[in-house]
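Here the structure is laid out as structure tokens; the discussion comes afterwards.
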Amino acid sequence: MPELPEVETTRRGLAPHLQGRRVHGVILRRADLRWPIPPEVAGQLPGQRIDAVRRRAKYLLLDTAAGSAVLHLGMSGSLRVLPGDTPLRAHDHVDISLDNGRLLRFNDPRRFGSLLWQPAGEVHPLLQGLGPEPLDDAFDGNYLFARSRGRSAPVKTFLMDQAVVVGVGNIYAAESLFKAGISPLREAGKISRERYQRLADAVKEILGYAITRGGTTLRDFISPDGAPGYFEQELLVYGRDGLPCPNCGRALKHATIGQRASVWCSHCQR
């Protein structure tokens, strides 16, 4: 599933082509995605100018005066800006045509993505109750320490809780915990403020660097220009169970934590 760096890469690729453009029309070929596409998308978007392309957590928002189209890529979704006469491929479910003859095309083979509508002045229910963005100043060791008190869940599960911080999925949680030297199994409520500061710093560094590398290509993700992400080539622990730890050379451990595959070094991460 695309995580924050992949979604931010998509946003940065789309924004120059969409911001300031007016929507000419919307074609819905399949509305039965993870959630049915509401009629407001086709009813409200045409004629509206796209004022901004934003990201909140793993959602993309196309802001207009009437409201925002809220997009989630799901497991396999992709968004590309194409010439208006580009032939259809399998799983091309939605076209948003623009006033310059180009279009934004949403392709989603597995149909776990979504395209929803947020009226102006409202916050969509899916965007309510979310934690801070991990790259914002509000996300630091003090914040993690305060939120973790009394929490007995493993720190990896805690870090992936969208109510705690948004956009840190399985890949980047594993890499951040490794860089911070914290075992994913350690109880969240038993980690010191100092160690949480190291973890917050690691999350910011790894996510920021992954964005510059175009995200991580695992199976399905490609950026809007069709290029893969390159951060996968630099993963230190994720997907490397049984291989030598890049720090100490011992075999990396594997376990299921919170129903997610987890890999770590039991020597370097405590």
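Note: Cβ is positioned from N, Cα and C throughout, glycine not excepted.
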What range among 61-95, 131-165, 236-270 does Swiss-Prot record as zinc finger? 236-270
One of ARG102, ARG110 listed by Swiss-Prot as binding DNA at the site of HIS91, ARG151: ARG110
Spacing of the two Cα atoms, LYS58 (active site, proton donor) and HIS91 (DNA binding site), in whole angstrom, works out to 21
One of the recorded positions HIS91, ARG110, ARG151, ARG260 has its Cα closest to the Cα of GLU3 (active site, proton donor), namely ARG260
Over the zinc finger (236-270), work out the mean pLDDT and round it to an integer. 97
Between the Cα atoms of ARG260 (active site, proton donor) and PRO2 (active site, schiff-base intermediate with DNA), what distance do you get, rounded to the nearest Å? 15
What are the non-local neighbours of ARG151 (DNA binding site), defined as same-chain residues 6+ apart in sequence with CB under 8 A from its CB? PHE158, GLU187, ALA188, GLY189
